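Novice: Attaching a single structure in structure tokens format; questions to follow.
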Amino acid sequence: MRKFNVTLVGGGSTWTPGLLQTLCKLKERFPVNKLVLFDINEERQSVIGEFAKVLFKEEYPELDFKYTTKVEEAYNDVDFVFMQMRTGGYAMREKDEKIPLSMGLIGQETCGAGGFAYGLRSIRDMIKTINDIRTYSKDAWILNYTNPAAIVAEALRREFPEDKRILNICDQPVNLLRSYGRILGRESKSFEPVYFGLNHFGWFTHLYDEEGKDLVPELKKLIHEKGFLPVDAEQRDKSWLDTYGMVQDICEDFSEYLPNTYLQYYLYPQYKGAKLNPNYTRANEVMDGREKRVFEECRKVAEEGTVKNCKMVHNDAHSEFMIQVAESIAYNQGKIFIVIVENNGTISNIQDDAMVEVAAILTANGPRPLSVGKIGVFHKGLIESQLAYEKLTVDAYYEGSYEKALQALTLNRTIVDAKKARKVLDKLIEANKEYWPNFK
Ligand code: NAD
Ligand code: G6P
Ligand code: MN
């Protein structure tokens, strides 16, 4: 069985220990020869890197492992690069959330004005990193989680039009599939989804089981009766439980399909905006929760020199999804995953050059999307205005255009009012001076 060399960019991410544990768990299925963790933050990288040394000594002794902050050590002779970086860190995520909320607008990592701000920060670093990767490894598969994935995917489509080995992915559809499994009381592994939309902006139309039965009608009934919980509800913070709970509200109003959770921000911007606490946002919850836990636990494992007492148990969709996507490409398995691809007729009445999120067969030649066909007026209208927002955001980046930025924010359903769009844009420009292009 062929073994692969993998580099993880954002090696100091809070999600990295889980990914490393899952690499151990899945080592028979996706065996790794060499693994490099790369981060620009030496402190974060070394805490997680030292944890990894202990973990691998006990669970993956044959693995050639190192961590680094040097580009030339990270990208030489790599088969797969997994990316999960956060330009500006949680400090900037906090601003993305709090600045819009201070004006009564949705403040969220990837949606609305916050996602816009984060997008304009991510693009530059993502382009630089992919150029670095391609200097050393021309053919490596680049699997990207870095958010906001919709904006990043559109920018990479423009920047690297000939590069067919960049694939943007999101774990939220898998989180939803697993949660459907919980509500149905069955394993979600065998579900075959039909899904369409943009990243964090899509719907499941069908969900077939092994016998070809569509489970969506039963799911709708169960969601109506019981509400909706994430598969890992017991481990979730309150804000995520509220978010999953909103699926029931969306289904009551729009009963056709099962929505992605992120649609709550676009369908109920005022209601949801009023429920978010402008003084304590998701960034605070993560800094006080996951980030603290992960770094404390990693330090403890490194000190003790063993993972035997390690309390981090990762069974999240995030890490398994990334590795299974790599596995399907690596061994030409042709499994079906929901991924982000250029539309080119997959949704037949949406423009070709949209980066859409749909189910695709994944082989060594990349994703082959499964046709969705024509979508209805409501969903088409929603998607097209969100798509225009995404494209104008990327235009604003490339052209350094204030007006394009203002157009983008005005089109975003979480904002709508152009005077509010201008006000939030001006505040975000001030907060992002170090990261954004100069708008004229
Ligand atoms: P985090 O801040 O804990 O980790 C990000 C790491 O990236 C940090 O250690 C940081 O130093 C590093 N970094 C920043 N800029 C870098 C650069 N230019 N090169 C290399 N490393 C760099 O954040 P997190 O919450 O663990 O999330 C990491 C990323 O994964 C975020 O972009 C997040 O939105 C994304 N994510 C995406 C999905 C998805 O569905 N697509 C799911 C989960 C997380
Ligand atoms: C889901 C989404 C990701 C997002 C993450 C945020 O997994 O698909 O795109 O980054 O949630 O999680 P957090 O716990 O950091 O709020
Ligand atoms: Mn996502």
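Cβ from N, Cα, C; glycine included.
Pulled from TrEMBL, these are the listed features:
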BINDING   R93, N147, R282  substrate binding site
SITE      E109  site 'Increases basicity of active site Tyr'
BINDING   C170, H200  Mn(2+) binding site
ACT_SITE  D171  active site, proton donor
DOMAIN    195-414  domain 'Glycosyl hydrolase family 4 C-terminal'
ACT_SITE  Y262  active site, proton acceptor
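Locate each feature and note its surroundings.
Specialist: Annotation note: R282 (substrate binding site) sits in a helical segment as assigned by DSSP. In sequence order, R93, E97, Q108, E109, S239 constitute the residues six or more apart from R282 (substrate binding site) in its chain with CB-CB distances below 8 Å.
According to its DSSP assignment, E109 (site 'Increases basicity of active site Tyr') is coil.
Other Cβ atoms within 10 Å of the Cβ of C170 (Mn(2+) binding site), summed over all protein chains shown, number 26. C170 (Mn(2+) binding site) falls outside any helix or strand according to DSSP and counts as coil.
Neighbour density for D171 (active site, proton donor): within 10 A of its CB lie 18 other CB atoms from the protein chains shown.
Secondary structure at Y262 (active site, proton acceptor), as computed by DSSP, is coil. Counting every protein chain shown, 23 other Cβ atoms lie within 10 Å of the Cβ of Y262 (active site, proton acceptor).
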Novice: Between C-alpha atoms, which of these recorded positions comes nearest to H200 (Mn(2+) binding site): N147, D171, Y262?
Specialist: Y262
Novice: To the nearest whole angstrom, what is the C-alpha distance linking Y262 (active site, proton acceptor) and N147 (substrate binding site)?
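Specialist: Their Cα atoms are separated by 14 Å.
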Novice: Whole-number Å only: compute the distance from the Cα of C170 (Mn(2+) binding site) to the Cα of N147 (substrate binding site).
Specialist: 9
Novice: Enumerate in sequence order the recorded positions E109, C170, Y262 whose Cβ-atom distance to ligand 3 is under 6 angstroms.
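Specialist: List returned for ligand 3: C170.
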Novice: Using the alpha carbons only, what distance in Å do you get between D171 (active site, proton donor) and N147 (substrate binding site) once rounded?
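Specialist: On Cα coordinates alone, these residues lie 11 Å apart.
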Novice: Could you name the residues, excluding R93, N147, R282, of the same chain that surround the substrate site, i.e. Cβ within 8 Å of the Cβ centre of those residues, in sequence order?
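Specialist: Sorted by sequence, the hits are R86, Y90, D96, E97, Q108, E109, T110, G114, Y118, A283, V286.
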Novice: If I restrict to non-local contacts, at least six residues apart, and a C-beta distance under 8 angstroms, what lies near N147 (substrate binding site) in its own chain?
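Specialist: Looking at Cβ-Cβ distances below 8 Å from N147 (substrate binding site), excluding near sequence neighbours, one finds R86, E109, T110, G115, Y118, S122.
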